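Below is one structure, written out as structure tokens; comments come after it.
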Amino acid sequence: MPIITLPDGSEKNYESSVTIEKIATDIGPGLAKAALAGRVNGNLLDTCIPITNDAEIQIITSKDNEGLEIIRHSFAHLLGHAVKQLYPEAKMAIGPVIEDGFYYDISYKDTFTPVDLEKIEKRIKELINKDYDVDVEVVSPAKATQVFSERGEVFKLDIIKNIPKDEIIKLYKHEEYIDMCRGPHVPNTRHLRAFKLMKVSGAYWRGDSNNEMLQRIYGTAWKNSKELKEYINRIEEAEKRDHRKLGKKLSLFHFQEEAPGMIFWHPNGWTIYRVLQDFIRETISKYDYQELKSPQIVCRSLWEKSGHWDKFKEDMFTTTSENKEYAIKPMNCPCHVQVFNQGLKSYRDLPIRLSEFGSCHRNEPSGALHGLMRVRNFVQDDGHIFCTNEQIQEEVQSFIDLVFEVYKAFGFNSILIKLSTRPEKRVGSDDVWDKSEKALSDALDSKGLDWSLLPGEGAFYGPKIEFSLKDCLNRVWQCGTIQVDFSMPERLNSSYIDVDGKKQPPVMLHRAILGSFERFIGILIENYSGNLPIWLCPLQIVVMGITDRNNDACLDTKSKLIKYGFRASVDTRNEKVGFKIREHTMQRIPFLIIIGDKEEENNEISVRTREGKDLGKMTLDKFKVIMDESISKKSLVESK
């Protein structure tokens, strides 16, 4: 006789086992129609699974975050249903939920084409319109093995092999199609409406290149057609802003097969890089960082001492010299510890803040490489703070100020903050963890910031704070981090003399603001669609004449602009001025200066912006004031 407690505290008594479907019906027909699943004593459950004991329950609908995930997972099974009807020889592998949608990995003899996707999408819509119930059966691994053996689903059998014999498996039945999943799933296809199949790509079974290459069909699904349309619009806008396309169009960088994951920076792109680096260098100097430079290639022995060799060697590029094995550094931290270790340190010397624009190499899988966002060679705006336990909070507070100062300069005002705390397997005493976690949370609270807690998500060697940016398309990019480390200083024999004259290992704070220069530049390019803030633009001004006889005045103006410290060029081509304006506007040049006979006569210039605004005629001195103000204030253009 289960007693069911609802979210408002009210109770319902039942004579025998009861389902979420029944409870929702008893509450009201509207809720019964909207119910997707239930949260029972904290666990999600299908609407048809019996509840036999007392329970606290919440009815899940599409309005809940869990509801959207259930819809997406159910769409993955519906995709499988459609594929098996159209291509009976296909073998189904896995179909999980991902950000904004779902995918299904499929083995099939022919390559799926855009025409195939259209056919599959059409069949999915037909299945939805049949408005059928999705049935659930709870079985043993042995029974599941029998079911999928009869169907020849080899990938399902491979999954079942690794499931303990005493566990249960849920089989979800879409008419004649059977799939397995933890669930829950929607009770009826009427809940599945707003979706679109997006693309097909390749993926190895279990991510192992020694296994079969499968075809991965991606889809997106939403609560309603309005949200779907908004998402499709965002995707289309993101494609227009793709930093790889703009990088080529604006001649910023390129990649080629001879150096996968390594960037060929063009002069324009390298200018952005250097300006960004100079800005970070200037900003962190106000926070008393000391910049250093550490070796690019370091002997295996140091990586063994630091613990990276055991955990990271597969991702390292290695080489040998004089019978010794070396690694190109994948991170900078062990090298920074070596700098700290030079000479005796007192508690009076702490904190010591070291920084480096450290070039790192990681042997990322070729399939994971993605423009500037995922590369094999990148430069971190890396920093390490050596301090005492008592100094952690103050150092974190200072870093928070630094992070927000930098992000504000680039127009990022929506910052998501997460605090990750101790995992089950960790080093250090509970007392040390208590103090360090409190130091981080107190630092965040002292700044009046909203933040979320991720229990158990910290590294084994200390808690951390992550800072993520939200761009103009509401995409979230994790960039900044500050990580407490109790382990590495001890592993690498770091110490300072405390107030009692005893040796103590310092606390090490790993911190980065941008993450990597390459990825951050990619984020900026996409956020601004190439229309970078004036101070960051590789070329800020182009001067052009209306006729050839104005060329000397243009060249003279360009020379003065360069002397003022601006990045300027001159266009003396024998082309119509309208053509030049259009071309340089397409190149995202912030200011275009036009000089004709009247401008020469009056010692003036005409100025246009890349947004098409005519600023009219003015003296060069007045234009210099506009430029100086824009650059000094780090003026931003609207992200459009």
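Keep in mind that glycine also has a Cβ here, set from the backbone N, Cα and C atoms.
Taken from Swiss-Prot, the feature Zn(2+) binding site applies to CYS333, HIS384, HIS510, supported by sequence analysis. Swiss-Prot lists 1-61 with the feature domain 'TGS', giving sequence analysis as the kind of evidence. Taken from Swiss-Prot, the feature region 'Catalytic' applies to 242-533.
In the structure as shown, the Cβ atom of HIS384 (Zn(2+) binding site) sits within 10 Å of 26 other Cβ atoms. In terms of DSSP helix, strand and coil, the domain 'TGS' (1-61) has 14 helix, 21 strand, 26 coil. In sequence order, MET331, ASN332, HIS336, VAL337, ASP382, GLY383, GLN483, ASP485, MET488, MET508, LEU509, ARG511 are the same-chain residues whose CB sits within 8 A of the CB centroid of CYS333, HIS384, HIS510, the residues recorded for Zn(2+) being left out. There are 22 other Cβ atoms within 10 Å of the Cβ belonging to HIS510 (Zn(2+) binding site).
Counting only same-chain residues at least 6 apart in sequence, those with a Cβ under 8 Å from the Cβ of CYS333 (Zn(2+) binding site) are SER306, ASP382, HIS384, ASP485, MET488, MET508, HIS510. Each residue in the domain 'TGS' (1-61) has a pLDDT score, and their mean in this model is 91.
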